[in-house]
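Q: Have a look at this one.
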Amino acid sequence: MTFYTGILLKRCMEAADHPSITSYLDIAGHAFGTKGRITVMIIMNLEMYLVAVGLLILEIDNLRKLFPEFMINLGELTVDGRQSFAIITFLIILPTMFLTDLGILSYISATGFFSCLVILVSIFCVGAFNGVGFHAKGSILLNVDRLPITVSLYIVSFGGHPVIPPIYVSMRDRYQFSKVLLFSFVLATLTYMSMAIVGYLMYGDRVESEITLNLPTSKVSARITIYMTLVIPIARYALVLTPIATAIEGGISENYKNKRAVRLFIRVALLFSTAIVAYYFPYYESLMAIVGSIFVVSASFLLPCLCYLKISDLNWGWNCEQIGIGGIILFGTFAGVLGTYSSISELVR
């Protein structure tokens, strides 16, 4: 479904046939005017902000896994492990916030993809060669109560639609776009499925929301997995937050927006605020479920369909395309409502 909605975004740009339409915001603005543009901007920025918080939670949790007894003693002041790692994570990521060139940041972020492949291979090695095995006990019955949260977590893995229009515009041969998009989604699906299957075979019902928290740190392959997991937030964080910083800069006075000190202050303030949220809200699974059920459902399921219907000005009928689009909208609505309700309910409990 998310592959198809990615194709719909491409069709929106083709149907609009205007050189100024180069981003998701432009598509929404063309379809629904200023209100549509503002709505999409809010959804995108909130999604990226919460994803940035999730990256920090991931970093803090895995540092605690590696160094469970770590704390900082400053005279009579003792800073516990989680507080210490929140501060350390802030300081590690801080230098990347000084980079404002998206080209440089994209190269740094590319290391995150290779980290994912190394993590998958390393986890398999933990199961195959380090005595964990692939025979953990677990029920094969469907847990209906957690199904909406499970769907939300699965959905969040297939977000990223806001970057599809810029990629399409930047391609030299746009006729290859559908093949590139299909390859990307197939590769992502195979990676996610492999990780899920291997993790469940290794730990069954005991598997954590972050599988690295299950791994035995005494094993070399397990430590490699955790180290590579630590690379991902460092590699991706600045790229995730840069669009938010750019949007904030666009709203300040012309006298200040081009000053480097102001731009750095905005980025450091964003980093500081996400670090505070990550420290006081350390629930990675719940956070990602909320991101999936609200923001990814909106940006990757509902809005591409609605924008396409508006821009293409289709006459409703019972052809396969319109039935498919209607089915995606229906699924996205139910998944979003039930996923949000279940995530918040579990968090409250």
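Every residue gets a Cβ built from N, Cα and C, even glycine.
TrEMBL lists these features:
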- 2-344: domain 'Amino acid transporter transmembrane' (DOMAIN)
- 38-58: transmembrane segment (TRANSMEM)
- 83-100: transmembrane segment (TRANSMEM)
- 107-129: transmembrane segment (TRANSMEM)
- 149-168: transmembrane segment (TRANSMEM)
- 180-204: transmembrane segment (TRANSMEM)
- 224-252: transmembrane segment (TRANSMEM)
- 264-281: transmembrane segment (TRANSMEM)
- 287-311: transmembrane segment (TRANSMEM)
- 323-344: transmembrane segment (TRANSMEM)
Q: State the non-local partners of the transmembrane segment (83-100) in its own chain: residues 6+ outside its ends, Cβ under 8 Å from one of its Cβ atoms.
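A: Contacts with the transmembrane segment (83-100): 56, 59-60, 63-64, 70-72, 108, 233-234, 237-238, 241-242, 263-264, 267-268, 270-272, 275, 278-279.
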Q: Determine which residues of the chain contact the transmembrane segment (287-311) at the Cβ level, with the cut-off under 8 Å and only residues 6 or more beyond its ends counted.
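A: Contacts of the transmembrane segment (287-311) (Cβ under 8 Å, skipping residues fewer than 6 from its ends): 1-2, 5-6, 8-9, 11-12, 15-16, 24, 27-28, 30-32, 36, 40, 43-44, 46-47, 50-51, 53-54, 57, 148-149, 151-156, 158-162, 209, 281, 325, 328-329, 331-333, 335-340, 342-344.
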Q: Does the structure show the transmembrane segment (264-281) and the transmembrane segment (38-58) touching, where I'm treating 3 or more Cβ pairs under 8 angstroms (sequence separation 6 or more) as a contact?
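A: Yes, the stretches contact each other.
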Q: How about long-range neighbours of the transmembrane segment (149-168): same chain, 6 or more residues beyond its ends, C-beta under 8 Å?
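A: Same-chain contacts beyond the flanks: 2, 5-6, 9-10, 13, 21-24, 26-27, 44, 47, 143, 174, 177, 181, 185, 188, 192, 285, 288-293, 295-297, 299-301, 304, 335, 338-340, 342-343, 346.
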Q: Same chain only, please: residues at least 6 beyond the ends of the transmembrane segment (224-252) with a C-beta under 8 Å from a C-beta of the stretch. Say none if there are none.
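A: Same-chain residues near the transmembrane segment (224-252) but 6 or more away: 41, 44-45, 48-49, 51-52, 55-56, 58-59, 62-63, 65-66, 89, 92-93, 96-97, 99-100, 102, 105-106, 108-112, 115-116, 118-119, 122-123, 126, 210, 212, 215, 217, 262-263, 266-267, 270-271, 274.
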